[in-house]
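Trainee: Structure incoming, see below.
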Amino acid sequence: MKKNSKPPKNEKPRSQPWNNAWKAVPILILALSVIIHYYLLKEDNIHITTQLNATYDFVIVGAGSAGCVLANRLTENGQFSVLLLEAGGNDMGNYIYDIPGYTDKAVRTHADWGYHTEPQKHAYKAYKKEISFWPRGRTLGGTSTINSLVYHRGGRGDYDKWAELGAKGWDYDSVLPYFLKSESFQSPSFRDSKYHNTNGPLKITETAFTRVADIFLNGGKELGYKIHDCNGNDGDQEGFCRLQTFTGDGLRSSTARSFLIPASKRENLHISINSHATKIHFEGKSATGVSFVRGGLKFTVNARKEVIISSGAVGSPQLLMLSGVGPKKDMDKLKIPLVADLPVGKNLQDHMMFPAMIHVNESISGSDWVYGFWSQLKYSLFRSGPLSFAGMREAAAYFRTERSASDISPDVQYQLHSIDIKYEKRFSFLDFSKPKAMTEGDIKGNGQLFTIGIMAPQHPKSVGEIRLRSADPFDYPIIDPHYLEDPYDMGCFIRGIRKLQDLVATKSFQSVQARIVQIKHEDCQSKDQDADKHWECLVRHYALTNYHPTSTCKMGARDDKTAVVDPDLRVIGIKGLRVVDASIMPFVTAANTNAPVIMIAEKAADAILNAIK
Ligand SMILES: Cc1cc2nc3c(=O)[nH]c(=O)nc-3n(C[C@H](O)[C@H](O)[C@H](O)COP(=O)(O)OP(=O)(O)OC[C@H]3O[C@@H](n4cnc5c(N)ncnc54)[C@H](O)[C@@H]3O)c2cc1C
Ligand SMILES: *[C@@H]1O[C@H](CO)[C@@H](O)[C@H](O)[C@H]1NC(C)=O
Ligand SMILES: *[C@@H]1O[C@H](CO)[C@@H](O)[C@H](O)[C@H]1NC(C)=O
């Protein structure tokens, strides 16, 4: 630290210096704890290489949720050399990404690609130009370094259906061991459950801090749902649960922290950051290497065995198409020589969320103290307290709002966020804190707000696509999710809202006079403010992405015309090239996507190592 070298000013001597001295104590403690904290975080870091070899056994493009897992598993036995390329930098030790309570501040930073969608015809009516902002991680750990930390695996229905549709070997019983392989469950609950493991590299902690969580769970019980482990129960998610989160020892369990720190000192792994891949090279129908730009210079490296693309649901289809793997029509238009005519970028799916604000008459949420002085101090000294939790995400619920034969999974998820929505950066443009957006009198008195995010539908029928904007690898691609285009999706939202009205009417919620805040928009003027049509208007205005884009390089049987990769994640018709990340999901899981992506990478690593034996 720099010493203050300024000479003391000619101040008048104070008569009673000790009267004011105590005021400095908290500041001193805070300063001290910040320094201690800084050194603690500095300890664990990732060893970055600047050296590059001409050839590696495997070249992995993208050090995100999936890429970090692969880099670890493929170098574990010491037999293979691996290069891990990442377009972003290394943000380990940066408090915004490390401290779970700051999770909502991690988007719109240098570690975020900050994509935007095309204007949406059927959604995003309240947003500027009807465009959705799309954060994606650009740093070691990828999106697992900037996401909201919710650990949900999805259930039996999803994976059994994947297998049935042609993803042989991906049924629930086959994927469960790979969820377990990663996990190190930290909390006392469910430790003996066969659905959890305590000795993997990925620390998972159960959370719940405020009375709001109890009110939420008890309300669920009154409605007849069980309170259970949403990741257990033979893969049946339906019910209410405390949230399991990607946190451990008070820190974010990004895949960079969990998988790269232990692997980065291995001799057989090189990690190259600020390295933007621009092209996959082929000889005939075999992938041979990758070109990338680092510090303004272009490098090309060769892969002896395989090139593995783990650049995420946006980055992977983009890089494949830039390299000539994509729809022939589009490749021709951009004059990119065709290597394989495949439906890359099609089948884009995403979850949407409608933020229902709940008003209660007592100060029971985290709004008043999560970011307060004592919370900061407690975290700095002990790495515990409210900031060690996932930004007040505390509980969740899964429902089947409609029963039919095709109901393989719950169709709606709620996520309880026990804090006023105004603390979330992603909603800042809505500015709900201004009374204009609300009914008069809604936030009068001593009351408080918290949010229940309605995530519906879990299996959307609206399907979008990603296309190249140009042949320039630094141009962002065209992202068009077609949000709320299919009427099924809106119906599901309405049922999710009706169910929430039931929940808020329970004795548990009424013990704090809970009610759903009526959001206003000048376009939504129905006489009956509770009519389906009125809610539909609000959903089309305010529902937004829940950040789960998937399925743009869909997995399926080798003869499936809609598939890009086979069940071993090999690009169909090409040798030595796999895609391993969120883009291979046949359809989006009825759950948040980070845990499934980590499972996908664990399973792929096994498949790759087995194929080589
Ligand atoms: C704000 C937000 C909140 C979320 N909250 C949750 C949550 O609470 N729970 C949950 O389960 N899921 C959540 N998700 C989703 C989840 O994090 C993602 O589905 C998951 O991280 C995707 O993993 P991936 O490996 O497919 O891609 P990523 O993790 O995005 O990894 C791709 C990596 O490739 C790199 N890359 C891309 N292109 C190139 C290139 N050309 N050259 C080199 N490198 C490249 C990127 O920089 C990135 O590091 C959230 C997402 C966001 C954005
Ligand atoms: C890079 O090359 C050197 C020299 O041939 C070799 O010793 C080393 O193991 C290689 N490292 C990797 C990660 O391939
Ligand atoms: C909130 O409402 C409940 C139930 O009506 C009541 O018992 C309680 O006293 C109220 N709290 C405050 C602070 O008004």
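Cβ coordinates are placed from backbone N, Cα and C, and glycine is handled just like the others.
This is the feature table in TrEMBL:
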- 21-41: transmembrane segment (TRANSMEM)
- 137-160: domain 'Glucose-methanol-choline oxidoreductase N-terminal' (DOMAIN)
- T143, N147, S148, L149, V150: FAD binding site (BINDING)
- 312-326: domain 'Glucose-methanol-choline oxidoreductase N-terminal' (DOMAIN)
Trainee: For L149 (FAD binding site), what is the secondary structure by DSSP, using just helix, strand and coil?
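Mentor: Looking at the DSSP assignment, L149 (FAD binding site) belongs to neither helix nor strand, so coil.
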Trainee: Other than T143, N147, S148, L149, V150 themselves, what residues in this chain have Cβ atoms within 8 Å of the centroid of the FAD site's Cβ atoms?
Mentor: T103, S144, I146, F246, A390, Y547, N592, N594
Trainee: Same-chain residues six or more away whose CB lies under 8 A from the CB of T143 (FAD binding site)?
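Mentor: Those within reach of T143 (FAD binding site), by Cβ under 8 Å and sequence separation of 6 or more, are G64, S65, P135, R136, G137, G312, Y547, N594.
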Trainee: With DSSP as the yardstick, break the domain 'Glucose-methanol-choline oxidoreductase N-terminal' (312-326) down into helix, strand and coil residue counts.
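Mentor: Counting residues by DSSP class gives 11 helix, 2 strand, 2 coil.
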Trainee: Over the span of the domain 'Glucose-methanol-choline oxidoreductase N-terminal' (137-160), how high is the average pLDDT in this prediction?
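Mentor: Mean pLDDT, the domain 'Glucose-methanol-choline oxidoreductase N-terminal' (137-160): 97.
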Trainee: Check the DSSP secondary structure of T143 (FAD binding site), expressed as helix, strand or coil.
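Mentor: The residue in question, T143 (FAD binding site), is helix (DSSP, three-state).
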Trainee: If you draw a 10 Å sphere around the Cβ of S148 (FAD binding site), how many other Cβ atoms fall inside it, taking every protein chain shown into account?
Mentor: 23
Trainee: Check each residue in the chain of V150 (FAD binding site) that is at least six apart in sequence and keep those whose C-beta is under 8 Å from its C-beta; list them in sequence order.
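Mentor: In sequence order, the residues whose Cβ lies under 8 Å from that of V150 (FAD binding site) (at least 6 apart) are L243, Q244, T245, F246, A390, R393, A396, Q415, N592, N594.
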Trainee: If you skip the near sequence neighbours and keep only those at least six away, which residues in the chain come within under 8 angstroms of N147 (FAD binding site), Cβ to Cβ?
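Mentor: The list for N147 (FAD binding site) reads T103, A106, G137, F246, Y547, N594, given in order along the sequence.
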Trainee: For L149 (FAD binding site), write down the residues of its own chain that are at least 6 apart in sequence and whose Cβ falls under 8 Å from its Cβ; none is a fine answer.
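Mentor: Expected: P100, T103, T245, F246, T247, R252, A390, G391, R393.
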